[in-house]
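**Student:** Take this structure, written in structure tokens, and hold onto it; I'll ask about it next.
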Amino acid sequence: MENFKGLQKSLYIWTDSADLDKRVEQLKAATGGDVALENVHRLSFSSYANSSFDLIVIECAQLTDSYVKLLHMLKPSGKLHLVSFIGPAASLLQEIKLSGFINCREDSPDALTAEKPGYETGSSARLSFAKKNANAVNVWKISGDDEELIDEEELLDEEDKQKPDPAGLRVCSTTGKRKACKNCSCGLAEELETEKQSQKATENAKSSCGNCYLGDAFRCSTCPYLGMPAFKPGEKVQLADNLLKSDI
């Protein structure tokens, strides 16, 4: 009991009333404070407020369901002392630990002591972490002023803006170029020959009346440019394929 000197308020839980007054006086002398009494069989019906006692002493008792209740009844850093307990010390120590007590120890073959943590059950505390680096936080901030926008017009050259000539898109499946191979079977040779004949006929086409470029209203019935839009004098015009073939 020497370790309990200076504790102001204690609770003595008893089972045998024999020499009860003597044991209470010994506890008062050891603590120097007030001592309240409670029978072990009436403990579950008691209505003690939380954090009421600095020390709870139990003699000749084995409590299996009341250790949590005793934990609430003790003040923060309060002590629980079991004397002449019933049962193996190892089992009691494990049960007390699982109820929330700390620093559980066996003082002697017939005495155990445990403590309540230095804070109230259900209390909270502010965690003190290192201060955040303001520069580290700003790394993840996106500012519109810092964005470098790319001019869409700079992505394309003048050559990219020009539409490709559909006539020059098809290539030979063998050579990969717009030039027919020797044994062409994909039809590119015939297509190139037709374009060649069309170009030659266009170059040889001449106007007998001199009014072909003005449009159909000024063209004769056999004009090779019949049905085509008007064009400038001297402008190179490609005739349609059906005008290069015989009607017979």
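Every residue number used here counts from 1 along the chain in the order it is shown.
A Cβ is built for glycine as well, from the same backbone N, Cα and C atoms used for every other residue.
From Swiss-Prot, here are the annotated features:
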type	residues	note
BINDING	C172, C181, C184, C186	[2Fe-2S] cluster binding site
BINDING	C209, C212, C220, C223	[4Fe-4S] cluster binding site
REGION	4-129	region 'N-terminal SAM-like domain'
REGION	130-161	region 'Linker'
REGION	172-186	region 'Fe-S binding site A'
REGION	209-223	region 'Fe-S binding site B'
MOTIF	209-212	motif 'Cx2C motif 1'
MOTIF	220-223	motif 'Cx2C motif 2'
**Student:** Looking only at the motif 'Cx2C motif 2' (220-223), how are its residues distributed among DSSP helix, strand and coil?
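**Tutor:** Looking at the motif 'Cx2C motif 2' (220-223) with DSSP, the answer is 0 helix, 0 strand, 4 coil.
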**Student:** By a Cβ-Cβ criterion of under 8 Å, what residues six or more beyond either terminus of the motif 'Cx2C motif 1' (209-212) are in contact with it?
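**Tutor:** That would be 218-220, 223, 225.
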**Student:** Say we define neighbours as other CB atoms within 10 Å of the CB. Which of the binding-site residues C184, C209 has the fewest?
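**Tutor:** Result for the binding-site residues C184, C209: minimum number of other Cβ atoms within 10 Å at C209.
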**Student:** How many of the residues that make up the region 'N-terminal SAM-like domain' (4-129) does DSSP mark as helix, as strand and as coil?
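**Tutor:** In the region 'N-terminal SAM-like domain' (4-129), the DSSP-based counts are 36 helix, 41 strand, 49 coil.
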**Student:** Looking at the binding-site residues C181, C212, C220, which one has the fewest other Cβ atoms within 10 Å of its own Cβ?
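**Tutor:** Ranked by other Cβ atoms within 10 Å, the binding-site residues C181, C212, C220 bottom out at C220.
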**Student:** Which whole-number mean pLDDT does the model give the region 'Linker' (130-161)?
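**Tutor:** Average per-residue pLDDT within the region 'Linker' (130-161): 69.
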**Student:** If you draw a 10 Å sphere around the Cβ of C223 ([4Fe-4S] cluster binding site), how many other Cβ atoms fall inside it, taking every protein chain shown into account?
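**Tutor:** 18, counting other Cβ atoms within 10 Å of C223 ([4Fe-4S] cluster binding site).
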**Student:** Using DSSP, how many residues of the motif 'Cx2C motif 1' (209-212) fall into helix, strand and coil, respectively?
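**Tutor:** Residue counts in helix, strand and coil order: 1 helix, 0 strand, 3 coil.
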**Student:** How many Å lie between the Cα of C220 ([4Fe-4S] cluster binding site) and the Cα of C184 ([2Fe-2S] cluster binding site)?
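**Tutor:** Spelling it out, the Cα of C220 ([4Fe-4S] cluster binding site) and the Cα of C184 ([2Fe-2S] cluster binding site) are 41 Å apart.
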**Student:** Which of these binding-site residues is closest to C186 ([2Fe-2S] cluster binding site) if you go by CA atoms: C209, C212, C223?
**Tutor:** C223
**Student:** Nearest to C184 ([2Fe-2S] cluster binding site) by Cα, among C209, C212, C223 (binding-site residues)?
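**Tutor:** Sorting the binding-site residues by distance from C184 ([2Fe-2S] cluster binding site), the top entry is C223.
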